[in-house]
Amino acid sequence: MEPQRSPLLEVRGNIELKRPLVKAPSRLPLPGTRFKRGPDQMEDALEPEKKRTRGLNTVTKIATSHPRPPALTVRPQTQSQTTAPKVPKKTGPHCSTAIGTVLKNQKPGPAVPAQKPGAAAPPTLGGKKPTKRPAWDLKGQLCDLNAELKCCRERTQTLNQENQQLQDQLKEAQQQARALGAECRTLEGELARVQAQAEQGQQELGNLRARVLELEEQLGTQQGLVQELQKEQVGLQEERRGLAARLEEQERRLQASEVALSGSQAEVASLRQEADTQAALLVEQGERLHGLEMERRRLHNQLQELKGNIRVFCRVRPVLPGEPTPSPGFLLFPSGPGGSSDPPTRLSVSRSDERRGTLSGTPAPTTRHDFSFDRVFPPGSGQDQVFEEIAMLVQSALDGYPVCIFAYGQTGSGKTFTMEGGPGGDPQAEGLIPRALRHLFSVAQELGGQGWTYSFVASYVEIYNETVRDLLATGTRKGQSSECEIRRAGPGSEELTVTNARYVPVSCEKEVEALLQLARQNRAVARTSQNERSSRSHSVFQLQISGEHAGRGLQCAAPLSLVDLAGSERLDPGLALGPGERERLRETQAINSSLSTLGLVIMALSNKESHVPYRNSKLTYLLQNSLGGSAKMLMFVNISPLEENVSESLNSLRFASKVNQCVIGTAQANRK
């Protein structure tokens, strides 16, 4: 006999093969119900009761032998039945439904058709068909009833036995149903667990498939990277071989360099010794250079003193277009002792006395006036030639000596052109102020190589009618001349300063040119009989120079003053004056007064007088430190080449001659 398969294996087989489940036929009755008989059997069982109700006169024979239905037995499972699919066990109401279905499918045995009521056959003898008793045969009918009762009792007993067997079978079927229900519940739990495991397995399978795809992509990427790395490895190997070759070459060079280094070290040692020697020599040369520089300054100052601490240069301006040409003998420039090669230092002016000629009736005789100065510049002299003569004097300001250069002469004689230059920015027409500052900047840069550092601060003021004005004022500060006063820089200080005036640090030529342009716009000018645009004030450009040698602890400071004086012409006292002329008269009186004070100051300095009248004029008071004491002074006397201005020219030349005859003491540098 083949062993039974596990229900779990059957379920798994059905799931895997996806075969439909087939219900097995069952012959068990439904639980809690009676065994169902055939319609004929039920009629035969009720037949005696019916006959008893009809009457006693009816005699009917009931057959006592009826075929019994086959007993309900549980057949063993054969080999052919094991191949049929099993019904899965279920719990709960579904299990009872399955059991009822099994009982319904059991087929009862063939039943004997029951006789109709009142047609019961009497017992027969010899196989003959019994006859119906007559109504009066009550005894026979009773006998028949007794026989039929006996048969019913026997039949009832048989039915009770069959009922007992069916109840036993029912109990056994119920026990099997309970066992199958428990097994069904177990299988259902296991099936749920298997299904959950299957779902989890499907989910894990999906995740694994996604992971496999991801890993495949990563594998492709890694393979590409591996290929690139392999290529890079090949390149690096080639580079390594090249570097190894270079390394070998470098090692050979290093060995050669080490050999050369050892030789160089010995050479460096000797060079260091030589450098130390050169450094000591350089220090010695520096000391010598410093001594030579000090000697140069001393000799330079001595040379300037030999030339005179007060020097006078005369300059004759050229004849301008539209002016009459003077007579050939009007101005003469005699040669010096060395002939024409020496620069001219003398000037002769010819003048006829018209009054003497008129009285005698003869032509007026010519009078010649001879003047001698430190240098005379004819009309053809350029600005560069003029500055070449004063360049050494300007450099003295860097050495710590106060220097003052001013231009004196009548209106229209070329004073402003000499000091500031002509309009239009022509380099050949540049005046002394821009050329002097360019020269100072250049020399200061050269001295910087010797350890000197210089700083320059510029100011530009004018003195108009004894009032000080700032020519560098801008914006709202213009016209505030009353606020500018000349004061001492501090208690006990000899340095003078102008209050409320601008002091501008400068370091290049462009900054100086901007200041000069601003000053030209602010300066007071007016029309006079000698000039269309005449300067009616004294302009004073001052440059404060400060030098320091940090290595030796030396300091020096000195001002450079470049002054453009106002016109020195005189007025005719008998001339009738209008309102405008009265204003010009006051200006001329103020100008002549300040110029007279300047002459008095120079004379007092020359005569070594105890009192020098600096405070008689704002001009001399402002230039106090640049005129006397340790100062060096140079005056340009500018004259006109025209014969009509000969009277004013002679006055200017006479004043310059007096100044040229003055001698001031030895100048001393302002050093600390």
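Residue 1 is the first one shown; counting continues down the chain.
Each residue, glycine too, has its Cβ placed from N, Cα and C.
What TrEMBL says about this one:
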- 25-54: region 'Disordered' (REGION)
- 66-133: region 'Disordered' (REGION)
- 75-84: compositional bias 'Polar residues' (COMPBIAS)
- 149-309: coiled coil (COILED)
- 309-662: domain 'Kinesin motor' (DOMAIN)
- 324-372: region 'Disordered' (REGION)
- Gly409, Gln410, Thr411, Gly412, Ser413, Gly414, Lys415, Thr416: ATP binding site (BINDING)
All-chain count of other Cβ atoms within 10 Å of Gly409 (ATP binding site): 30
Neighbouring C-beta atoms (10 Å sphere around the C-beta of Ser413 (ATP binding site)): 30
For Lys415 (ATP binding site), the number of other Cβ atoms found within 10 Å of its own Cβ: 27
